[in-house]
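If you check TrEMBL, you get these features:
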DOMAIN    1-128  domain 'Vitamin K epoxide reductase'
TRANSMEM  53-70  transmembrane segment
TRANSMEM  77-97  transmembrane segment
TRANSMEM  103-126  transmembrane segment
Amino acid sequence: MIPYLIFAVSLSGLFLSIYLTLLPPPPFCEISSFLSCDTVLSSPYAKFLGVPTAFYGVVWFAGAASLSMLASNGKQLAKLALGWSVIGVAVVAVLVYVELGLIGAVCILCTAAHAMTVAVAALSFYQFKS
C-alpha cells in the first residue's frame with residue numbers, strides 16, 4: 001500500500017513540477033506581495049545553471065515515482081528510495097530559505113511541491129522501517 005501512496009504523491013508532484021516548468025503561474029497565485037508565485041518564479045533564483053528550478057522537481061519526482069515501485073522489491077532499494085527522499089528534503093530546505101530569506105516571497109504552488117516532497121520522504125521512511 002505504501003509504495004502506491006508514494007507513487008501517487010510523486011506523480012502529483014511530477015505533474016505540478018511540469019506545470020511550473022512550462023506555464024506561467026495562474027492568477028490565483030497572486031494573493032499579495034508576499035504570497036506571489038510570479039515574484040518567486042521570475043526571480044534570478046528561478047533558474048539554476050540556466051535550467052528552471054521546477055525542472056529539477058520533474059527529475060526528482062520521476063525518480064521518486066520509479067523508486068517507489070522498485071523499493072517494494074527489497075530493503076536495498078527501499079534504502080535507495082529513502083536516500084533519494086533525504087536529498088529531496090534537503091533541497092526543499094534550501095528552496096524555502098531562498099524564498100523566505102533571499103526573495104522575500106512565497107510561491108504557493110512551489111510550497112505544494114515542497115509538501116509533496118516531505119510527504120514522499122515520510123512515506124519512504126515508513127516503508128524502509130517496515
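Keep in mind that glycine also has a Cβ here, set from the backbone N, Cα and C atoms.
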Distal contacts, the transmembrane segment (103-126) - CB-CB under 8 A, six or more residues away: 2, 5-6, 9-10, 12-13, 16-17, 19-20, 25, 29, 31, 33-37, 39-41, 43, 45, 54, 57, 60-61, 64, 68, 71, 78, 81-82, 84-86, 88-89, 91-92, 95-96
Residues from the same chain, set at least six apart from the ends of the transmembrane segment (53-70), whose C-beta lies under 8 A from its own: 3-4, 6-7, 10-11, 13-14, 16-18, 20-21, 41, 45-47, 77, 80-81, 84-85, 87-88, 91, 95, 110, 113, 116-117, 120, 124
The domain 'Vitamin K epoxide reductase' (1-128) [mean pLDDT, rounded to integer]: 94
